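Novice: Structure provided below as structure tokens; questions to follow.
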Amino acid sequence: MPSQGLPLRVATLLTGLLECLGFAGVLFGWASLVFVFKTEHYFEELCEPDGALMGNLTGQADCKAQDEKFSLIFTLGSFMNNFMTFPAGFIFDRFKTTVARLIAIFLYTSATLIIAFTSAGSALLLFLAMPMLTVGGILFLITNLQVGNLFGKHRSTIITLYNGAFDSSSAVFLVIKLLYEQGISLRASFIFLSVCSAWHVVRTFLLMPRGHIPYPLPPNYRYGLCSGNDTTEGEKNAAESDKVEMQSNEFLPAKEETLEPGKQPESRSFWHHALSQRFVCHLVWLSVIQLWHYLFIGTLNSLLTNLAGGNRVLVSTYTNAFAITQFFGVLCAPWNGLLMDQLKQKYQKEAKDKGSSAMTVALRSAVPSLALTSLLCLGFAVCASVPILPLQYVTFILQVISRSFLYGGNAAFLTLAFPSEHFGKLFGLVMALSAIVSLLQFPIFTFIKGPLQNDPLYVNVMLVLATVLTFIHPFLVYWECRREKSSLAAA
């Protein structure tokens, strides 16, 4: 009944938001957890005999080998965050919601228990725990994104909101750090996160479907414990045709939508799009900006320690400030989608008057988003490169806005610029390849700590120049739109 359906759907929406906000993307609060690990003397035995004396009396030592271990753990975790998106999506598509969520709960619970019972003597277990925590979080996010299908025209807003909540969940490690400073042990905090798995299990069976939530939603759709077998024939048909469609169908020209499979041109093959200039430029755009973000988050503790002269109080204050700004990612994320939606509506009206194609309209609406994301990253990169401690407050703000725009803009561009039947494969491919590029953060960090003797100036200059080059992507997309517009005018 509709009166019973709405409360259930709202409960699913709110608990899904809480799940993404409290569990899915906690890895990116790594700087807060590193502060606690250093206080607990993790990897401290790797420091040279006089390494503990390198800091002043009020601070932490800047130990190269210790920092490299923490950087390597984050590199591995962030790599798995992107690289496993495609396998996790396959698990979700193949085995449906319940199985995917049970796998996520197992990985997440195992990871939190490992961290809870890890000590300085067994710190190497973090290399196992953090990737497991990351993959479990990705599966939580993927299984929750389908909740947007329950709300029709608000679908895109909910998907964007969930992605923002994923970003904001990095504040969880800040809470753990603050509790630790108040006397609550690291073990107690992570045991609590493990116990929360009981809530995940209850939500899996009471508030989530066993199969997929189809889009568009069929009449009288039911899910949850009392729905029986919710994988109806209607759901199967809808899921088969729409599982990778987000918003792109409304941009497809009518004759493309009615083409029979045998009449589709070969240029619409997956590899044609994967090897196209448009996709390659987008991959470079995403990889460069993402590398900046991962390198900054993974090395933030070391950066702040250097800028604060080893003063532990200052390092703690700035670490807290960074984590607090991350929490506001959930508020920043929807603005990029709003910008694109408004531009799309504007260009659609113009297209009716001037006869522009639907694809051109879609691409034009993406150009300002791509350019603005590059501009935000450039500002973030310049501020991060200036060795002035108070300026890092500005860096933190630009970083969280840029990161919120990056991932929403990435998914939106792929839905607009490529056929919907290839979205899942292209999204998985771009995330996997950008994950491989993100592995560069560790050699860059060791290069700074070693040959450059802790002076990142030259590396920062090179990365800033690389960020400037990301503006080529929105320019080429804009130029492509102008060229098609000119050809239509000439015709």
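Using the three backbone atoms N, Cα and C, a Cβ is placed for every residue, glycine included.
Heads up, TrEMBL stuff is auto-annotated, nobody curated it.
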Novice: Looking at the ranges 70-92, 208-230, which is given as transmembrane segment in TrEMBL?
Specialist: 70-92
Novice: Where among 99-117, 361-390, 426-445, 457-479 do we find the most Cβ pairs under 8 Å to the transmembrane segment (123-147)?
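Specialist: Stretch with the highest Cβ contact count: 99-117.
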Novice: With Cβ-Cβ distances below 8 Å as the criterion, list the same-chain residues six or more beyond the ends of the transmembrane segment (279-297) that contact it, or say none.
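Specialist: Sequence-distant neighbours of the transmembrane segment (279-297): 28, 30-31, 74-75, 78, 82, 273, 303, 370, 373-374, 377, 380-381, 384, 395, 399, 402-403, 406, 410, 413-414, 417-418, 426, 430, 433-434, 437-438, 440-441, 444-445, 463, 466-467, 469-470, 472-473, 476-477.
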